[in-house]
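S.K.: Starting off with a structure, shown below.
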Amino acid sequence: MNNQITNVYIWDMDETLILLKSLLNGSYAEAFAGLKDAQKGVEIGKMWEKHILQISDDFFFYEQIENCNKPFLEALSKYDDGQDLSDYDFNQDGFSPPHDDLNKRKLAYRHRIIANKYKQGLHNILDQEMMDVWDALYKMTDEYTDGWLSSARALLEQCLAGNEDPTICNTIAGGVVRSNATGSRHINVLVTSGSLIPSLVKCLLFRLDNLISHENVYSSWDVGKLQCFQWIKERFDNRNTRFCAIGDGWEECEAAQAMNWPFIKLKCSWGKSC
């Protein structure tokens, strides 16, 4: 459909779709003037940090590629020759920082495996005991934060269905499906200042992976948010595409202004800008 409208939401992650930093440094609890147990928040944050790092290292090659951050998983796809990796030994292939084409290919192989694991979901990676621990931590965090995580998911789901909420943005909805009601296509994109692999793991652990696909996760760690926004515009742009950025920080705000996109600054549920 040539006239189909494509609506693209560009989301920040930390302190927008999830809470982590404010739990670890106690600022979330402090905002409630003693009504929240600050130490409990710190302990919850530390548990998330532990699981994020453990899963990144154990299943997503992070220990090998921590110093080889790329802004998105497809960044080196041209170096992937499509080799069957079912019997490939990633611990014995001599991978080193990818300054030459051979090591860029080896990193591209790892990115391909990471993308496949992301699509499969954590239930195909973790054992039942770890799944139970993860489920309990998610519920504990959601209760402690008065439903922040479930509310973020509900908002993304509304966007996925193409339901426009005028209190959020009165011009555009986001997701990854076509809306039968509006004839529009909706896409969620994530641009996070964190490094790529832990950010993908965060999406999995915080149950965002069915709402934001792996190819729509960008890391601005090395390149900045404006560069990521420019890539997103080049990737999706046509005369029927509309963009809207949502976050809590100055960098995404300035990047959105530079792109002449509307920007929605998140207000925390306790009445302060995050």
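Here the Cβ of each residue, glycine as well, is placed from N, Cα and C on the backbone.
On a predicted model such as this, the values are computed, not experimentally measured, just so you know.
Below are the features listed in TrEMBL for this protein:
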| type | residues | note |
| --- | --- | --- |
| ACT_SITE | ASP12 | active site, nucleophile |
| BINDING | ASP12, ASP14, ASP248 | Mg(2+) binding site |
| ACT_SITE | ASP14 | active site, proton donor |
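What's the neighbourhood like for these features in this structure?
M.R.: Packing around ASP12 (active site, nucleophile) is summarised by its Cβ count: 24 other Cβ atoms lie within 10 angstroms of its Cβ, all protein chains included.
Long-range neighbours of ASP14 (Mg(2+) binding site) (same chain, six or more residues apart, CB within less than 8 Å of its CB): LEU20, LYS21, THR192, SER193, GLY194.
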S.K.: State the Cα to Cα distance, in Å, between ASP12 (active site, nucleophile) and ASP248 (Mg(2+) binding site), rounded to an integer.
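M.R.: Their Cα atoms are separated by 7 Å.
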